[in-house]
Amino acid sequence: MDPITSSTDESTKPVDTSSNDESAKPVETSSNDESVKLLLKMLGEKIDADKKDRELQRKKEEDKEKKQEDDEKKYTENTKNFKKKWSIMSSYKMFDSVLIDDIKKFIDEYNEISKMERDTYDSNYDYPELIGNLHTYEDYIILHDESLDSKTYFIDTKTYQEYCNSISSFFKYDGYGKTLMLSEDTIWGNFSKFKHITKLTKFNEKTIAFHNNIIDSINLRYKDQIEKTERMLKDNNLSHDVLVNYFTIGEEVYIVTDKHDFGAKITDISMKAYGYRAVTQLEITYSTIVYNDCPCTKTKKHYVPFYIGVKDVDTLSIRKMTDDIRDKLTKRTERFMNIISDMKVKYVNYNGKFKLKVSKKSLNMIINSRIILDHSLYVENHPPKAANTLSNSEDINKLLPIEDFTKDMYFMMQPRVHGHSLTDKNFGTFHIDNISPINFSTNAFDMLVHQEKEKQLIRSLVENVNGTFTDIIENKNGGVIILLYGSPGTGKTYTCQSLSDATKTPLYEISSGEINLTSPEALEKNLIDIFKKTDRWNANLLIDEADVFLEKRCVNDLSRNILVSIFLKYLERFNGVMFLTTNIPSCIDPAFKSRISACIKFDKLDRRSLYLIWNNLLTASKVKESVMNLENTFENDMENINSYPDTYHRLLCKLSTFNMNGREIKTSIRNAQCIAKSKKTDVTLEDLLLSSEVTSKPIDHKEYL
C-alpha cells in the first residue's frame, strides 16, 4: 500500500469527538472572552483616569488664574479703599486732632494716591507693600496698613526731616523715596533708646508731640510686657528678653568683668542675634574713659548672653549705678590722679598682679617693682589684635583725649593702665589699685662708703648732664658715661641705684648677658630699643658687667670686633647718663677711654669701710633702730674696741673683722633675720655672728681635687 494514500485515507476516517475533544473546545472560547473583557475594562479605566487628570489640571490652571485675578482685584481694592484705611487708623487715637484733620483734608483733596509701588511682596503675609509716592503732600503722612500683624508707620521726611534722620541713624532703616518705614515691633525691641530720641536731639514742640504719641501707642500695645517687667523687678529679677528695656540711653552703669570693674554711660542698646544658630545677646554700646598717657574717651560694646529664666539684676555683668559704687570708683581714680598729676614721667611703684605680655601670650604674675606708665610705647611693642565680635567687650572707635577731665567723670575711668616693669624688663597691664608713689631713699647715696670727692664728682655729672656742653658736630655725645670698676661687692651697683634715688630718676638696669649678641643686626636693634626707652623716660642706664663690650679688640676675633665697633658708634650718640661696671679694668679697649666722662675705682673694703657698711645696712634693715655715730671713736681707738660699754659698737667692731664685701654683708643680715624668724624672736648678737661666720667662710675646694 502506498504510504501517502494510506496516510490520507486514515486522516479522512471519522473521529470520535464525543469525549475529550468536544469538552476542550468550549473551555478555550470562554477564556478568550474574559481576557478581552478585562483588557477593555483596563483601557476604559485608563481613559477615565486621564480624563480626570486633565480635568484636575484644568481646574488647577483655572484656580491659578482666578488667584491671580483675585490678587489683582485685592490690589485694586487696596488702592480704592485707601480712604477707609485712614479711617481705621484714626480710631486708634494715636494722633492728635490736628493731625487727623490734616489727613482727612488730604484724603478729600486727593481721591487716591497718584502712584502705588508694587515692586516687592512680603512672603509672610502675602500682600503688596504699600509705599506711597507722597511727595505731593505739603505736610506729613502716617500710614497704617491693616494687612500687617504689627503697626507700620510711613513718615514723610519732608516736614520731619531731622526727626526721620534721627530714627534712621538709630534703627539703620533706609528711606523709601520720600518716606521712612518703621515697624512698631522694631521700636519695642529698641524701646529704651527710641523713647529718648528727643532727649538726644532738640526738636520743635510739634515733633516732640508727634513722638510722644507714638510712645503712648507702644506703651498701650505692650502693656502686658511692661507690667511683666515691673512684677519681676519687685523681686529684683529680670528675664533676658526684657533687659533691652530695663536700661536706658544716657544712663550711668557699673560693668563687672573677670578682669576689672568700672563705670560707663550707655549710648546705645539693642538685641542682636549672632552665629548660625542666631543666639540672642543684649548688645550695649557705652562710653568709658581709659588712661592712655592721658584720660581719653572710648566707645565700646558689652554683651549679655542669653540665659534661661530670670536672674538677679545685681548679678548681671552690667548693672545700674548706685551712689555707693559711684563714690568708690571716683575715689579710686582720684587717688591715682593725685599720684601721677605732677609727673612728667609716670614713674611709680607697683605691688600686685601684673599681666605680662610675652610675644602673643599673656601671663599673670605677682610683682613688686618700680614701673613706668607708657601706653604709647606699650602699643608700639604690642599692637592690638583684631576685635572679636563675640567677645564680652569690644572696642569700636579710636581714643579721644579729654581736655578737661573733671571729678564728675572719674567714675568712668577703667582701672587698667599700661606700662613697663623696670625689674622684669617687660611691658604689661597694671591695676591702679596696686600703684603707689615711690618712697625714694634720698639719703642712700650719702651712706655710700666711698671717697667724698669722687662721690661729689659723680653726683655733679649726673645732675647736670643736660645742656652743659654741646659738641661742634650736632648729635655727637652730649651725655655722661661713668665707668665703675673694682672687686665684686664694693659698691659699684649700689652707687648707681642710690644716686638715681637721690635724683628721683628711673634707673634702667641691664646686664650684657641680656643684650642680644648673636649678630651685629640684633645688637644694633637692642641698643636702639634700650636708648629709646632711657631717652623717652629720662632714665639713667646701667650696663652691668660690661666686659664683653669694654675688652680690647684683637685681630683674630673679627665678629667680636664688629660688636665692639657698633657699641662704640652708639656710645658716641648717647645723650643721657650711662653707668658701665666691670671687674677687669686692665682689659679695657683704649677707644673707650676717650669716651668715658669719669673712671671711678672701688678698692677692696678695709676694716673701717666694713664697719660703716655694717652700720648702714643694720640701720636700713631695722635690726638696730637708732644708730650712734661712732666713726671718730673707732678711728682713734683701734686697740681697745672691747673696752667700750656700748655692746652695739663692740658688735660692729667684731663684724668688721670678717672678710666680706658689701653684697655678702647684706646676705649675712638676711640670713640672721631668717634665723630669728624661725625662733620667733628678734635678731640677736649670736644670730649675726653665726650668719657672718658662715657667709665669710671661704669655699675650700682643695680637698676635692
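Along the chain as shown, the residues are counted starting at 1.
Cβ atoms are placed via backbone N, Cα and C, with glycine included.
The region 'Disordered' annotation in TrEMBL covers 1-35 (among others).
The compositional bias 'Polar residues' annotation in TrEMBL covers 1-21.
Residue counts for the region 'Disordered' (50-74) by DSSP state, with H, G and I taken as helix and E and B as strand, are 25 helix, 0 strand, 0 coil. Sequence annotations record features per position, and here TrEMBL assigns region 'Disordered' to 50-74 (among others).
Broken down with DSSP, the domain 'ATPase AAA-type core' (482-602) shows 59 helix, 28 strand, 34 coil. For 482-602, the entry in TrEMBL reads domain 'ATPase AAA-type core'.
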- prompt: So what's the average pLDDT for the domain 'ATPase AAA-type core' (482-602)?
  reply: 87
